[in-house]
Amino acid sequence: MKEQDYDSHFSVPYLLILPSMIILTLFLYWPTIQSVILSLYRTAPFGSRRIYSGFDNYINLFTDPVYRASLVRSAVFVLITIFGGLAVSLVLSVLVNQKLKGIKIYRTIFFIPYAISPTVAGSLWVFLLNPVAGHINYFLDLLFNVQVPWLTNGFFAFIAIIIATIWKNMGFNIIFFLAGLQSIPDSVYESARIDGANAFQIFRKITVPLLSPTTFYLIIMNIIFTIFQSFGIVDIMTQGGPADATNIVIYKLYRDMFVNFRPGLAAAQSVILLILVLIVTFFHFKYGSRGVHYQ
Amino acid sequence: MRKSRKDLINKIFTHLLLMAISFVVLMPILLAISVSFQPRNQIFSYPPSLIPNRFYFGNYINAWNLVNMDRLLLNSLLASGIVMIGKLALGVLSGYAFSHFEFKYKKTLFFAILFTLMLPMQVRVVPLFEFVSNLGLANTYSGLVLPFLASATTTFLMRQHFLTIPKSLMESAQLDGCGPFRFLFQILIPLSGPTLAGLATVNFLVMWNAYLWPLIILNSDEMKVAQQGVKMLFTSASERDWGLIMAGTIMVVIPTLVVFLLAQKFFVKGIATQGLKE
């Protein structure tokens, strides 16, 4: 038998990568490059002819109050969703990070919304929040005697998509917070307890700081998800309305392409999102390991 | 004695608290199930009821017929199955290249694959739509699944997993004259059950839950997928027929829940090691 060395099969690794590379090049890299190119063109009215227009699309976007409002709205949406979502998730994670019979069942329940699609999440919440047959307004009426116009008032529609997004993404945060919590050694808690710290002090002075690497990672991931994953929720719940109140960047992009048929303008919005992702990723790598606690 | 009693009370209290929270978290699903079994007059009665008076299946039958649910579910099942298998196959191959071989441009190629994590659908959707349409694949299964077939995450996680398998195994396989492909199929893959299961679950659900791309590339009713069915329920049901809409929504979410509950352990593991999602 001839002895084989895999390094002598010099073409094998390239063959192994080839199928993945073909798909990624054709369907990920190529269209992304095309987005950049397309963003420099505008389409002639009534025709398929494309005319080079330099940075016009970008100038139009940034001078358009609708797009600027959409950017600001998206930033507020992301901030509130992340802050609210991480706070809720952290509390729930601490609760299910206990040695208790049946704790796994509770964990499973908390993960379930994460497996559900944005469209289904949107549909479930539209029902819950509807003013006629929905249960939330019934209970709000019963308890506080208020009727909230959830999806017909701009402010409340905005809150509604935030609630649905937090509910849907909670599971992801809990998975990571739990992993983070379980890596904190029991001895740290024990010595704190011996020193007479109460549960709240332990949470504030030990749990929160020791979880900071996880929290940082989750903030980065949540920025990206909240921007990109909210499309289905918005499309089912509000279609960007009422009066643009929930018209976040991702929804405006879709509408400019597939409703208003302005590919150049939509491509420019894609490029802006791409730059945003690159900036966020850059921060992730640059500051990912700073200001964090290690044992 | 006193301490154990205090412990017991603590435990009961914690259980009650967790049960209450679980109920709140599941409330959107539980109420949707409840409403889906209620006839119209019960849904619109005041106060709204939490439990159906009797099990009424009319909403399910009407929702099924209204949006051709059989076709939507079949399309989603096919697309998700193909994507799941395709991503695993391609990811196993490329992961193996990066875990067990040394070659020129290895680092560059690995980076090129991982970099695609930064290219979500929305940053390339306009040209992608034009490209797939120009290939003549608009409104086809191929057009639907092709952009999802390769993934950086699957490649990365397969590589990570293969790296945990001792090098000595490969050396002795080489000595026995076992070629690189036989080594992959007869030794590495059989040792990768849980990792493959985890990635299969996540990849299946990613495609099952995908909405934007199907919405854009599919336009005939017989090609549409289940997530589009949810939107169709809202647009084609007569003025807010909540029983029907919730029944349809429940049908779309059942496969998600079944896959999630069956493979929960693997799913959580798959997510916990996953960065960006498509």
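For all residues, glycine too, the Cβ spot is worked out from N, Cα and C.
The feature transmembrane segment is assigned by TrEMBL to A:12-30 (among others).
Look at TrEMBL and you will find A:67-284 tagged as domain 'ABC transmembrane type-1'.
According to TrEMBL, the feature transmembrane segment maps to A:75-96 (among others). Proximity of distant same-chain residues to the transmembrane segment (A:75-96), defined by a Cβ-Cβ separation under 8 Å and at least 6 residues beyond the stretch ends, is recorded for 103, 106-107, 110, 158, 161-162, 165-166, 169-170, 173-174, 177-178, 181, 203, 207-208, 211, 215, 218-219, 222-223, 226-227, 230, 248.
Marked as transmembrane segment by TrEMBL: A:108-128 (among others).
Per TrEMBL, transmembrane segment is recorded for A:148-167 (among others). Tertiary neighbourhood of the transmembrane segment (A:148-167): same-chain residues 73, 77, 80-81, 84-85, 88, 113, 121-122, 124-126, 129-131, 134, 136-137, 140, 226, 229-230, 233-234, 237-238, 241-246, selected by CB-CB distance under 8 Å and a gap of 6+ residues from either end.
The transmembrane segment feature in TrEMBL is assigned to A:214-234 (among others).
Outside the transmembrane segment (A:265-285), and at least 6 residues removed from its termini, the chain residues within Cβ reach (under 8 Å) are 32, 34-36, 38-39, 42, 57-58, 60-61, 67, 217, 220, 223-224, 227, 249-250, 252-254, 256-257. Per TrEMBL, the feature transmembrane segment maps to A:265-285 (among others).
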